[in-house]
Amino acid sequence: MALYSAAAAVLAGLERGEGGLKRLVYNSGFPHVRQLYALVSETLRYASVLEKLLDGAALLQAEKKLAPQLAKVLVYDLLFGKGLKCGGRWKALARRHRARLEAELARMKVRYKVSRNEDLLAPEKAVSAAGEWARAGRAASAGSSGGLCLTCLAPAASQVPRYIRVNTLKTCVDDVIDFFKRQGFTYLGKAASVEELKSLSGKKFLLDLHLPELLVFPSQTDLHDNLLYISGHIILQDKASCLPAFLLGPVAGSHVIDACAAPGNKTSHLAAILKNKGQIFAFDVDPKRVATMNTLLTRAGVTGCQLAQQDFLTVDPRDPRYSRVTHILLDPSCSGSGMVTRGPGEEAAPSAERLQALAGFQRRVLNHALSFPALQRLVYSTCSLHQEENEDVVQAVLQEWGSAFRLVNAFPSWPCRGLAAFSGAESCLRASPAETLTHGFFVAVLERCQEGAATPSCLPAAAKENPQLGERTEPGAAPRKRKKKKQRVK
């Protein structure tokens with residue numbers, strides 16, 4: 001299915017209420033899901049502007065067989081995107097009306113007294129933000145949002161930078177920096193504060209202040225067509241999404257489970273931490289998502305990973321195949337309320353019943369994960385802002401297990417901590433657009449208690465057992481030089 005037709009089909013599905021944006025994209029059958037997701041997201045962001053353009057240029061009246069959803073996608077890419085680099089007959093159709101559409105866009109700018117395309121979004125952004133705050137307020141007053149952090153719902157999507165994780169299975173940080181410098185980007189060194197990330201603009205980029213293999217670019221930087229991305233040398237992954245694998249930190253040779261693995265970014269991160277030495281068992285129940293994950297992991301150069309289309313709750317912890325599993329990454333289905341790129345059809349404030357159902361599932365899957373006999377360390381994470389899915393789940397499960405497991409004080413210098421729902425909740429991490437310039441996220445690190453054990457370490461196991469990897473866990477640690485460089489990108 002061609003890109004524009006696939007994007008139009010996703011937009012039509014959203015309008016019919018067939019599901020959320022992410023689910024419809026992954027179920028579309030289109031092979032390049034990131035490209036499709038980006039196009040649909042941007043088309044939705046410009047939706048009100050596109051509707052005015054279509055009306056003013058009378059495009060749908062002139063082309064009666066052209067569906068409105070397809071028209072929006074074509075006009076977005078023609079005027080605001082990549083200029084219709086593909087599309088076949090649809091490209092020809094849209095270009096026939098290019099002069100009329102550009103004239104209407106110019107009239108809109110004069111009418112609204114703006115000079116840039118992005119400035120046309122300002123009124124719509126304000127309305128969207130007001131609606132978001134109103135929904136959050138209603139949910140809070142009704143008692144359905146529990147621990148919802150209203151600060152995290154501030155309209156901050158535009159200020160979240162573009163993060164790229166250097167895939168150390170194929171290259172190293174220094175080589176990637178050199179590559180971007182040759183492409184005309186300006187490297188500003190390692191960031192000293194979150195404020196520095198906010199000030200990025202143009203073709204400037206930084207090394208992240210917390211994670212040593214993460215580079216930070218301005219939010220509107222599009223790298224989907226970049227050679228490094230296409231070849232798997234870099235992974236486009238939000239900073240908060242990098243925390244779970246980083247904090248799990250298994251040493252090379254470990255056996256690890258990624259319980260709800262698709263689309264596979266965290267799995268590839270685990271493989272990089274393991275240096276492809278050891279074994280990863282990755283589970284997901286959706287066949288299309290498993291296929292997508294297989295493509296991503298192959299491109300990233302991941303080996304030693306067994307993919308299984310299976311519900312993790314049906315996996316037998318006593319199966320001999322998992323007798324050596326010491327680390328589990330658990331990122332279960334959640335409300336997704338922390339994702340700043342939500343579109344129509346994605347929940348902003350799920351009902352109390354929906355939250356209760358999600359939390360019940362999350363407790364079951366966390367309990368199941370803790371039952372693996374050799375387990376030593378587990379990371380539980382969600383992209384949710386709701387206390388019911390985060391601190392409440394961790395508290396309930398820890399109470400069920402008594403003194404068998406304990407919370408680790410993970411990443412002590414991370415600025416945004418867990419809500420004080422119970423004693424020790426401050427050991428958990430939260431992330432938000434307003435405070436950490438990331439998507440909204442929650443992370444808790446659990447370790448098995450040993451008799452006579454000392455206070456749990458804040459470092460991942462990899463750092464405790466390998467002094468060189470200890471640098472990874474220090475906030476802002478610089479990437480260590482590699483003695484032998486891997487595939488240098490020309």
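Residue numbering: from 1, along the chain as shown.
Placement of Cβ uses the backbone N, Cα and C atoms for every residue, glycine included.
Just so you know, TrEMBL annotations are computer predictions that nobody has curated.
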Item to check | Annotated stretch (coiled coil, per TrEMBL) among the listed ranges 91-118, 119-146, 175-202 | outcome: 91-118
Checklist outcome for this item: Cβ atoms other than its own within 10 Å of the Cβ of CYS383 (active site, nucleophile), all chains, total 21
Checklist entry - ALA262, GLY264, ASP311: which of these binding-site residues has the sparsest Cβ neighbourhood within 10 Å? => result ASP311
Next on the checklist: Please report the distance from the Cα of ALA262 (S-adenosyl-L-methionine binding site) to the Cα of CYS383 (active site, nucleophile), rounded to the nearest angstrom.
Outcome noted: 14
Checklist outcome for this item: Rounding to whole Å, the Cα atoms of GLY264 (S-adenosyl-L-methionine binding site) and CYS383 (active site, nucleophile) are apart by 15
Checklist entry - How long is the line from the C-alpha of CYS383 (active site, nucleophile) to the C-alpha of ASP311 (S-adenosyl-L-methionine binding site), rounded to the nearest angstrom? => result 20
Checklist entry - Given that the record lists CYS260, ALA261, ALA262, PRO263, GLY264, ASN265, LYS266, ASP284, ASP311, ASP331 as binding S-adenosyl-L-methionine, what is the largest C-alpha to C-alpha distance among them, in Å? => result 19
